Amino acid sequence: MVRINENYLKLKAGYLFPEIARRVKAFTDVNPDAPIIKLGIGDVTEPLPAACREAMQQAIVELGDRSTFRGYGPEQGYAWLREKIARYDFQMRGCEIDASEVFVSDGSKCDTGNILDIFGKDNAIAVFDPVYPVYVDTNVMAGHTGIADEGGKYGGLIYIPITAENDFTATIPERKVDLIYLCFPNNPTGAVATKEHLRAWVDYARTNDALILFDSAYEAFISDDSLPHSIYEIPGARHCAIEFRSFSKNAGFTGVRCAYAIVPKSLKAKVSDGTDVKIWALWNRRQSTKFNGVSYVVQRGAEAAYSEAGRQQIQALVGFYLENARIVREQLAAAGLSVYGGVHAPYIWIKTPDGMTSWDFFDKLLNKAYVVGTPGSGFGAAGEGYFRISAFNSRENVETAMQRVTEMFRVG
Ligand code: MLT
């Protein structure tokens, strides 16, 4: 009989978003005419930037001609895309990142999970609470944790609470950890990190020989340019951080699929015999064995995100969602809710009213306003009593949803 990876049995029921979809389906089966508006999963709704579409169309034409046809591409990504990424996203912001340190991939969710392939089982791993569930679940799958307690916390993981009481900025742990997941702008709270905050993490990581896994998938939403867009804006981060970026939330590639990881060549990890090994070399080996690269067509689309037109179109797209976020923030605050985030992020994090649990509030919003959000407790125990609203939707849907929610609070 085949044996399974029993770590999977430790996982809690369902991944958060499929669980929400299941509950919404159960509701619509009984109420087929309810005009549901989904502000739950952070999935984009607006069309792809024209520059990206045109580049992909052109790439398809090339693939239809023997002289310009391409088969397998480089596993790490085409050099013309990696060079643009290094230049526009890092070097132009003063970060010392080379194109050879860019690994193009099909998503940050995949990258943040896959990166665990190259790390051992005995690392002390810290995550925020609430947290993007992928960081936790992939560690469970990899056997890095014990079982979950009643509050849903897995043994062996170090949870760092972020709540309104600490202004959604995690306190640097007193104990030594080896791997730390940071996500800024933060999913789910919408909080953003200052340079001082990131500097404190980089100092901590360097003092403790720790590695930061920095997820900046929402970087494009930072609307104050004095805030850091990359961890590499902090001196020393090349020696203690891997950064994950995505084209999903800026260029709308959630369905197209393209992202990248920065793995600096200066990063080292310890072998049990005491010698050092380059993390870059391990990741390169992992990717060239298990991954065949992102399609040529998609990489051409991603490259166009850096053209003059592409950059303008992406700015407009991000601006559109940020305006949605402003509407949500202001309307919910006017309805009397405590509202956080949504200024440098597409997520608005609210305190549930009257001490309601996150799932009770989910049910109320679904039943009374036909609006779907994400229960804070789905992101971790410290998310209980909070609720996330995503700004990814059409203007009309966001406005209608907010009218319905405001009305729901008015009538009680
Ligand atoms: C979310 O809603 O948190 C996002 O969809 C996460 C993701 O991009 O995987």
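Each Cβ is built from the backbone N, Cα and C atoms, and glycine gets one as well.
When the candidates Asn123, Asn187, Asn208 are compared with the pyridoxal 5'-phosphate site entry in TrEMBL, which names Tyr72, Ser108, Lys109, Tyr132, Tyr218, Ser246, Phe247, Ser248, Arg257, Asn292, the shared residue is Asn187.
For the pyridoxal 5'-phosphate site, whose binding residues are given in the record as Tyr72, Ser108, Lys109, Tyr132, Asn187, Tyr218, Ser246, Phe247, Ser248, Arg257, Asn292, the maximum C-alpha distance rounds to 34 Å. Ser248 (pyridoxal 5'-phosphate binding site) sits 10 Å from Gly42 (substrate binding site), taking the C-alpha atoms as the reference points. In this structure, the recorded positions under consideration are Lys109, Lys249, Arg388, and the one with the smallest number of other Cβ atoms within 10 Å of its Cβ is Lys109. Most other Cβ atoms within 10 A: among the binding-site residues Tyr72, Tyr132, that distinction falls to Tyr132. Ranking the binding-site residues Gly42, Lys109, Tyr132 by the distance of their Cα atoms from the Cα of Ser246 (pyridoxal 5'-phosphate binding site) places Lys109 first. Cα proximity to Tyr72 (pyridoxal 5'-phosphate binding site) (within 10 Å) is found for the following binding-site residues from Gly42, Asn292, Arg388: Asn292.
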